[in-house]
């Protein structure tokens, strides 16, 4: 798939190993040794591939659900972390969808007082000390406000507590933080929220398929060993939330694996030469590989999903905003929703 400079690929393959010690590089189709610690195995051309097909129940459409929300229909968003690349990408996607962008954002102490220009809009950044007063004022001025959070992992919990205190609905795209505390905070606040470790709709669909498989076939991979590699831009400090979600499914399928075994690749040189990340996307990509091997080494499975750019996440975030606005207007239950809920709603732009 290619759109707006974005390339995304999600694949699920069952295949026989081409060679027990080598696998193909996705870019060069040259064989790469698998014995080193940072081994990766992005498949180029594998002859014996069998698609795994899983089905889900019929999704409810916006027409069936009623209370549909057209893009830009009175919705206003405040993007916290607007100076970052994801924040800017969301603003551009929301602006294209006709959603009103509030000219206010939260940032670090160093960013306080700065103005960020995105899509011809000047957005004033406020520091931590004045957040509650500013957010309350913005929410009063824009009663259909939805906050979008793309800040930093260390700010996740404090930000969620603030949103709950003010009562403003939000979409949390920031990963990291104390997730147990995050969910507890939002549940106790009884507000509308979409929280997901992954905002890319197609990747979320893959995650949903993994969930279905783990629920329907628990223990199917008992005894298998698992290797997980994920490569992101160097600015991403934490391990991939998506990788953790997929690993959780494998654990339900009977695989023993600790999250600290995830191979994080952040070195640009290795990303280009070994992983196969296009050089122009080193500063913004998300490559994931999961390799399963049977106890006797005669069977192997590989699952991979690779994304270059940020458009897929920005577009998914806007869909989450529209979904949340619909829930608010229909007076649906105030609770935490996720991107699978957004997908099941059935309105993909």
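Note that Cβ sites are derived from N, Cα and C of the backbone, with glycine treated the same way.
Per Swiss-Prot, the feature transit peptide maps to 1-53. The annotation NAD(+) binding site is assigned in Swiss-Prot to 81, 82, 83, 84, 85, 86, 173, 174, 175, 196, 197, 198, 199. If you look up Swiss-Prot, you'll see 232 marked as active site, proton donor/acceptor. Residues or ranges marked as active site, proton donor in Swiss-Prot (evidence: similarity to another entry): 236. Among the features that Swiss-Prot reports, (S)-2,3,4,5-tetrahydrodipicolinate binding site is placed at 241, 242.
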Of 81, 173, 197, 241 (the binding-site residues), the residue whose Cβ has the fewest other Cβ atoms within 10 Å = 241
Note = Neighbour count check, CB within 10 A, over binding-site residues 83, 175, 242; minimum at 83
Ask   = So which of the recorded positions is most packed in, judged by how many other Cβ atoms lie within 10 Å of its Cβ, out of 85, 232?
value = 232
Note = One should report the C-alpha separation between residue 175 (NAD(+) binding site) and the residue listed as 'active site, proton donor', rounded to whole angstrom, as 10
Note = Counting other CB atoms within 10 Å of each candidate's CB, the least crowded of the recorded positions 199, 236 is 236
Residue from 232, 236, 241, 242 whose C-alpha is spatially nearest that of residue 81 (NAD(+) binding site), among the recorded positions = 236
Query = About how far apart, in whole Å, are the alpha carbons (Cα) of residue 85 (NAD(+) binding site) and residue 241 ((S)-2,3,4,5-tetrahydrodipicolinate binding site)?
reply = 18
Key: residue 241 ((S)-2,3,4,5-tetrahydrodipicolinate binding site) and residue 232 (active site, proton donor/acceptor), Cα-Cα, nearest whole angstrom   = 12
Query = Taking DSSP three-state, what's residue 175 (NAD(+) binding site) in: helix, strand or coil?
reply = coil
Ask   = CA-CA, which of the binding-site residues 83, 173, 197, 199 lies nearest residue 242 ((S)-2,3,4,5-tetrahydrodipicolinate binding site)?
value = 197
Task = Taking Cα atoms as reference points, rank the binding-site residues 173, 197, 199 by distance from residue 241 ((S)-2,3,4,5-tetrahydrodipicolinate binding site) and give the first.
result = 197
Key: Separation of alpha carbons, residue 173 (NAD(+) binding site) and residue 236 (active site, proton donor) (Å)   = 13
